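Working notes for the structure below.
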Protein chains: 2
Amino acid sequence: MKKRVVQWSPPQLLVVIFVFFSTLGMFLLKLPFATVGGITMLDALFTAVSAMTVTGLIVVDTGSVFTLFGEVVIMCLIQIGGLGIMSFAVLIFMMIGKKIGFRERLLIQQALNQTSVGGVIKLVKYLFVFSFTVEAAAVVLLAVEWVPEYGWGRGLYVSLFHSISAFNNAGFSIWPDSLMGYAGNPTVNIVISSLFIIGGIGFTVLVDLYKTRSFRKLSLHTKIMLWGTLIINTAAMIILFILEFNNPHTLANLSLFDKLQAAYFSAVTPRTAGFNSLDYASMERDSILLTILLMFIGAGSASTGGGIKLTTFVVISLSALAFLKEKREIRLFRRTISEFHIFKALAVSMMSIFLVFTALFILNISEKGTDFLPVLFEVVSAFGTVGLSMGITGSLTEIGKSVIIVVMFIGKLGPLTLAFSLSKPDKEKIRYPKEDILTG
Amino acid sequence: MKKRVVQWSPPQLLVVIFVFFSTLGMFLLKLPFATVGGITMLDALFTAVSAMTVTGLIVVDTGSVFTLFGEVVIMCLIQIGGLGIMSFAVLIFMMIGKKIGFRERLLIQQALNQTSVGGVIKLVKYLFVFSFTVEAAAVVLLAVEWVPEYGWGRGLYVSLFHSISAFNNAGFSIWPDSLMGYAGNPTVNIVISSLFIIGGIGFTVLVDLYKTRSFRKLSLHTKIMLWGTLIINTAAMIILFILEFNNPHTLANLSLFDKLQAAYFSAVTPRTAGFNSLDYASMERDSILLTILLMFIGAGSASTGGGIKLTTFVVISLSALAFLKEKREIRLFRRTISEFHIFKALAVSMMSIFLVFTALFILNISEKGTDFLPVLFEVVSAFGTVGLSMGITGSLTEIGKSVIIVVMFIGKLGPLTLAFSLSKPDKEKIRYPKEDILTG
Ligand SMILES: [K+]
Ligand SMILES: [K+]
């Protein structure tokens with residue numbers, strides 16, 4: 001007789017792992033010695049899901065409400081969530097590796113020698129070693145700043161917490177004003193932003209960069225990510241610098257160097273780090289609009305970041321542009337992007353818009369007293385697992401908090417499971433005749 | 001020696017015609033006897049462009065600010081604008097007719113016998129006769145209601161004005177509260193909404209319906225338009241009915257029958273008639289959100305309506321859905337929609353989002369004192385040439401009014417000229433190798 005074993009597909013396994021650790025986290029954070037003065041079950045769940053999905057939205061102030069034990073629980077959830085997501089992304093990457101271009105296949109094979117269970121374990125091991133190495137290095141750099149300020153014990157702990165939070169794009173900080181106290185501190189700005197940019201660009205890009213020394217030989221995906229990140233971050237920095245230049249609540253009272261630092265940090269953090277060195281509730285409306293767009297776009301595939309992903313945005317924009325130029329193909333760096341990816345980008349974008357719209361629809365009813373823009377900001381921040389807020393998270397209704405929990409969960413796991421299920425081949429057989437229609 | 005004659009392409013001609021009549025309209029409305037107490041040049045231009053692009057956004061109250069002469073100028077601009085757009089759309093339709101499916105080609109040939117200058121003139125003549133017939137019939141029906149109320153002269157004039165305004169989806173009314181005084185009047189509700197639905201569904205659909213008696217034999221375009229209109233209008237009506245049921249400023253104090261009438265009218269008017277029987281400034285936030293979505297979607301191609309067009313929305317949604325179901329083709333009514341149309345729909349949507357975003361960006365700076373949601377509502381209303389407003393049009397700054405003028409202009413002429421230029425064949429030759437990337 002055959003034994004019936006519960007056989008989970010990888011996406012099911014991912015969901016189970018996330019539900020398990022979020023629930024465990026909730027119970028741990030609910031323990032009497034996890035908080036200073038207690039916390040509701042919903043707030044504990046919210047915090048656990050926010051940490052596990054590396055979002056960083058907070059209903060209670062992390063530093064003052066949680067004890068050291070509570071903070072360590074959050075830190076562990078962030079590490080598990082971040083590594084879990086990256087490992088799963090690596091798995092998908094290997095699965096679609098078979099379909100993926102020649103260069104990626106080569107890279108994967110170089111890293112693995114073979115696509116087997118052993119191979120997966122090997123690559124995941126590399127991933128773990130890489131993550132811990134980067135985090136450790138960052139702890140040392142941050143400690144240079146924070147040990148003199150907070151002493152050895154506290155200084156190292158603060159450095160560790162923020163290193164893990166930043167590399168995993170979690171955006172949790174133990175300070176109530178996030179990194180606003182360090183808006184003009186170059187070390188903190190550079191180390192923290194480097195961490196979340198490295199963590200957010202995607203492991204496959206890093207592998208490619210490690211293996212390939214010439215830019216021309218890099219994969220198309222890596223080229224798009226590098227150029228895209230550079231262009232979008234620079235453009236956002238310039239726009240935010242101009243928009244906030246005279247805003248007395250943000251840049252106006254800072255020195256030019258600090259203005260540039262704060263504009264840089266505010267440009268890179270929405271995709272999808274979630275730390276802030278400026279107060280989003282006081283920003284100009286166009287800065288908010290730009291930040292919402294950046295949060296929606298998000299980081300790189302196979303990374304700790306969220307959003308529709310930079311490549312998705314690039315593919316959508318370029319296909320629209322190519323069509324307007326009456327070109328029937330998207331070309332970039334002497335390569336053509338296949339229709340499969342254009343359709344995938346379209347599907348991911350539409351599903352994301354649908355999710356944001358649905359959540360917004362419910363929150364418009366449950367949060368009647370709150371302005372529209374902060375609610376939109378909150379929903380997109382949860383979808384992109386960014387963690388920035390205009391300050392309404394703590395005062396959301398129970399329905400509002402529940403919706404945001406669900407959006408964080410789907411925002412993080414949705415695109416991954418979608419990418420996984422889409423790696424199966426097309427089984428369609430029957431073809432109908434084509435017929436044109438009028439659009440536009 | 002060859003004579004150099006200025007040779008305009010059809011889209012250039014369209015732009016020239018629109019600029020000419022808008023400018024002429026501005027000067028006519030600026031004449032002393034066009035207004036009761038004068039009007040600024042910018043407001044005259046705004047009104048002329050709003051009428052010519054059949055938008056219906058108003059900076060001054062039509063009925064009280066303009067004299068009869070002024071109102072007749074507006075009425076003429078609406079008629080010229082509406083017929084101009086439909087004629088041009090027919091021209092495009094004939095041009096891409098060569099590329100279009102077998103049924104449409106047949107229909108066009110039946111209507112024209114040949115695709116020649118004579119053929120164009122013939123079809124445009126049909127269009128004119130059809131338009132005037134529908135408008136005349138509506139005048140009779142509306143007069144039954146309004147002649148008893150206003151007497152023969154005024155009653156017939158009021159009926160004519162609203163008939164022209166409704167059929168051309170202009171949304172201009174001579175009453176300061178639009179049709180709010182007739183929220184519970186079945187004749188007005190049915191006649192006006194029938195006019196703008198017929199005008200907004202597109203001339204090609206009407207020709208198809210006239211020529212084809214069996215639903216199964218209708219073209220794919222016609223089927224999508226008919227089913228799409230029915231589904232989207234019904235869904236919107238049900239949602240608005242539920243959302244506004246208890247709102248004391250809108251439905252709460254109406255009888256059940258009047259509630260249903262007002263919900264129906266509010267569901268159909270955003271695509272893209274622009275009359276209102278309820279006050280949008282007092283509506284629930286979710287009704288506003290839904291209305292913004294409907295305004296963005298808009299009416300049918302080759303019609304007096306605006307927006308990205310219903311077919312564009314259907315194509316985008318279905319291609320996303322088909323992809324998620326792992327189907328590589330979009331099928332509908334036993335037909336496949338070609339990739340060309342998916343790309344076109346994507347391009348039109350992206351360009352539209354870009355236009356709305358850019359305008360919103362400028363208005364966020366120029367209209368600092370105004371809430372975000374009314375500004376977003378206004379921009380989308382101008383883009384879709386809808387004409388609904390949450391009541392901020394008159395109090396916009398000069399920059400704000402200028403931006404809205406430009407958005408109305410591009411919103412109306414952009415998709416048409418785009419559709420025209422895209423009817424040229426693909427001339428690309430060099431093909432690069434395909435390479436996959438990660439998205440989502
Ligand atoms: K985050
Ligand atoms: K209109």
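A Cβ is built for glycine as well, from the same backbone N, Cα and C atoms used for every other residue.
Away from its own ends, the transmembrane segment (A:12-33) comes close to residues 39, 41, 44-45, 47-49, 51-53, 66-67, 69-70, 73-74, 77, 80-81, 84, 88, 409, 412-413, 416-417 of its chain (Cβ-Cβ under 8 Å, at least six residues beyond either end). What TrEMBL records for A:12-33 (among others) is transmembrane segment.
According to TrEMBL, the transmembrane segment annotation covers A:39-60 (among others). For the transmembrane segment (A:39-60), same-chain residues at least 6 beyond its ends with a Cβ under 8 Å from one of its own Cβ atoms are 18, 21-30, 66, 74, 77-78, 80-82, 85, 165, 168-172, 273-275, 304, 306, 378, 381-382, 385-389, 393-394, 396, 398, 401-402, 404-405, 408-409, 411-413.
Cβ atoms under 8 Å from those of the transmembrane segment (A:72-96) belong to residues 10, 14, 17-18, 21-22, 25, 28-29, 34, 47-48, 51-54, 62, 66, 104, 108, 112, 115, 119-120, 123-124, 127-128, 131, 160-161, 164-165, 167-170, 172, 199, 202-204, 301-304, 412, 416, 419-420, 423 of the same chain, restricted to positions at least 6 beyond its ends. According to TrEMBL, the feature transmembrane segment maps to A:72-96 (among others).
Counting same-chain residues at least six beyond the ends of the transmembrane segment (A:123-144), those with a Cβ under 8 angstroms from any Cβ of the stretch are 82-83, 86-87, 90, 94, 108, 111-112, 155-156, 158-160, 162-164, 166-167, 187-188, 191-192, 194-195, 198-199, 203, 206. Under the heading transmembrane segment, TrEMBL lists A:123-144 (among others).
For the transmembrane segment (A:156-175), same-chain residues at least 6 beyond its ends with a Cβ under 8 Å from one of its own Cβ atoms are 50-51, 54-56, 58, 62-63, 71, 74-75, 78-79, 81-83, 131, 134-136, 138-140, 142-143, 145-147, 150, 181, 191-193, 195-196, 198-200, 269, 272-275, 299, 303-306, 385-388. Per TrEMBL, transmembrane segment is recorded for A:156-175 (among others).
According to TrEMBL, the transmembrane segment annotation covers A:187-210 (among others).
Taken from TrEMBL, the feature transmembrane segment covers A:222-243 (among others).
The transmembrane segment annotation in TrEMBL covers A:288-321 (among others). Same-chain neighbours of the transmembrane segment (A:288-321): 54-55, 82, 85-86, 89-90, 92-93, 167-170, 196, 199-205, 221, 224-225, 228-229, 232, 236, 239-240, 243, 266-267, 270-273, 280, 330, 332, 337, 341-342, 344-346, 348-349, 352, 356, 373, 376-377, 380-381, 383-386, 388, 390, 411-412, 415, 419, counting only residues six or more beyond its ends whose CB sits under 8 Å from a CB of the stretch.
As annotated by TrEMBL, transmembrane segment applies to A:342-363 (among others). If one looks beyond the transmembrane segment (A:342-363) by at least 6 residues along the same chain, the residues whose Cβ comes under 8 Å of a Cβ in the stretch are 296, 307-309, 311-313, 315-316, 319, 330, 375-376, 378-380, 382-383, 399-400, 403-404, 406-407, 410-411, 414-415, 418, 422.
Using a Cβ-Cβ cut-off under 8 Å and counting only residues 6 or more beyond its ends in the same chain, the transmembrane segment (A:375-396) has close neighbours at 50, 53-60, 169-172, 269-276, 280-281, 288, 291-292, 295-298, 305-307, 352, 355-356, 359-360, 363-364, 366-367, 404, 407-408, 410-412. The transmembrane segment feature in TrEMBL is assigned to A:375-396 (among others).
If you look up TrEMBL, you'll see A:403-422 (among others) marked as transmembrane segment.
If one looks beyond the transmembrane segment (A:403-422) by at least 6 residues along the same chain, the residues whose Cβ comes under 8 Å of a Cβ in the stretch are 10-11, 14-15, 18, 22, 45-46, 49-50, 53-55, 57, 81, 85, 88-89, 91-92, 95-96, 301, 306, 308-309, 344, 347-348, 351-352, 355-356, 359, 362-363, 366, 378-379, 382-385, 393, 396.
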